[in-house]
């Protein structure tokens, strides 16, 4: 119920103090699209930035979908008390906010390019801890909290990268183009077919090989016996 109060306060602040950014009303959509494509082709760093964003958001999506069942599996079968998922989620948000504050202090002394590698490595460590200790509730929570903390550092840091590499007037259009990129379905189908047609090392294929050999040897034996009878 307290969330209603905070949402109402946020609504009033946005309504009173935020001004709408209408952009350049005279700009043509075709011109902006051509300009965005030219910039993407001229600067491969923007494409790399898009790949980094897609990779992190994919891991974030997987985390959002799986953190609750992963925590539920850490409980013993005799423990019937439900987990305080609301408090745990609130803790995630607090830790993410602390990560944003840490970014504020780090950005004053260190270049964003320097500490982002360490932050992403810590994110990978946070996701590895639940794999190593899947039955420990404390260890899994520590891993998830570390992931959220690094996510709080990541969000403003990636915004700095966007502002540095992508022109502000076509930033949204560039991101839309990057999100729309995908492998053609025909090419994906061909690659999948080639993979399926490759020789498999599964136990089933290994069982089929001796069966084929035995059937061929049996047919050869029958042919040999038939010929010997005809000669006699």
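Even glycines carry a Cβ here, placed using N, Cα and C.
Curation plays no part in TrEMBL annotations; they are all automatic predictions.
Among the features that TrEMBL reports, transmembrane segment is placed at 46-65 (among others).
Here TrEMBL flags 85-107 (among others) as transmembrane segment. Sequence-distant contacts of the transmembrane segment (85-107) (same chain, at least 6 residues past either end, Cβ-Cβ under 8 Å): 68, 71, 115, 141, 144-145, 148-157, 160.
Under the heading transmembrane segment, TrEMBL lists 119-147 (among others).
According to TrEMBL, the region 'Disordered' annotation covers 201-232.
Residues annotated as compositional bias 'Low complexity' in TrEMBL: 214-223.
Away from its own ends, the transmembrane segment (119-147) comes close to residues 56, 59, 63, 67, 70-71, 73-75, 88, 91-92, 95, 153-154, 157 of its chain (Cβ-Cβ under 8 Å, at least six residues beyond either end). Within its own chain, the transmembrane segment (46-65) has Cβ neighbours under 8 Å at 39-40, 120, 123, 127, 144, 147, 151, 154, 158, 161-162, 165-166, 174-175, 178-179, counting only residues six or more beyond its boundaries.
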